[in-house]
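*Asks:* The structure under discussion is supplied below as structure tokens; questions concerning it will follow.
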Amino acid sequence: MTDYTPQQIVARGARADAEAAADAIDNHPGLEGATYSILEEDEDKGLWRIDAFPTTDEEDAGLLEVLAGYPLKVVRETLADADWLAMALSGLPPVRAGRFFVYGMHDRGRLPASTVNLRIEAGAAFGTGHHGTTVGCLMAYDKLIKARKFKKVLDVGAGTGLLAIAAARTGSRIAVGTDIDRPSVRISKENAKVNRANAKFVHASGLGHRLVTDNAPYDLVFANILARPLISLAQDIKTALVPGGTVILSGLLRTQERMVKAAYVSRGFKVVNRIHRDAWAALVLQRP
């Protein structure tokens, strides 16, 4: 196997084309773990962009193949042989979401006294708190815990572990996180130690891992992944929750909200809150 030279692939175009390409990436059999984002770049021009960061030659070729099928302008550049993502994010400002203050080491000297301060360093795992989906989850969770506490919490697609760590730091007795990406699991474990949070993380696809099933059922499930996995996991998430339990769904675009909601409402869930941030949506639903 040859070493892969890190690349960034950027595709720009109309919203419908960018969203269709993103759906195609999600459904491509060779791109299950591909890292990409989709966002609105210029509202006046109706311009959207996809940023993709392949890690292998196969991912690189697969992404280019998918993007070539849509009327998007695709450019690419070679990234420096360095921890380029950490370098790009190291200067990010802290994020405030309700009672939560998410920061990096560069902001350690200006922490508010009245917040739950969570140190999450920039890196390859998703979930520094800056993305609209993660902020939406934190905002929804902050509102929920004003009324009640959640003793047992599951975080599906944990990334940096931020959401499970936030739960552990605000009174959850059990906080379990899963991710399909092994480096993310390692990073989330490190973040739990740094934040002195009693949260456990495992490498798992779906909800079948023994650590997940042994601690079920849960009072609260976070699922900050993508729209199609959210739909396919609807029944498993229902099974993992106690009757009356809560799920916070994120990782979906506003345009995908209706179909994701339908998968849960058809199983008896009730929508109790919605949060929109940028192009992203978060749904809070209660199990019957």
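Glycine too: its Cβ is placed from the backbone N, Cα and C atoms.
So Swiss-Prot lists the following for this protein:
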- Thr134, Gly157, Asp179, Asn224: S-adenosyl-L-methionine binding site (BINDING)
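Show me how these features fit into the structure around them.
*Replies:* Neighbour density for Gly157 (S-adenosyl-L-methionine binding site): within 10 A of its CB lie 24 other CB atoms from the protein chains shown. Taken residue by residue with DSSP, Gly157 (S-adenosyl-L-methionine binding site) is part of neither helix nor strand, so it is coil.
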*Asks:* Quick one: largest C-alpha distance among Thr134, Gly157, Asp179, Asn224, binding S-adenosyl-L-methionine per the record, in angstrom?
*Replies:* 15
*Asks:* State the count of C-beta atoms found within 10 angstroms of the C-beta of Thr134 (S-adenosyl-L-methionine binding site), not counting that atom itself.
*Replies:* 28
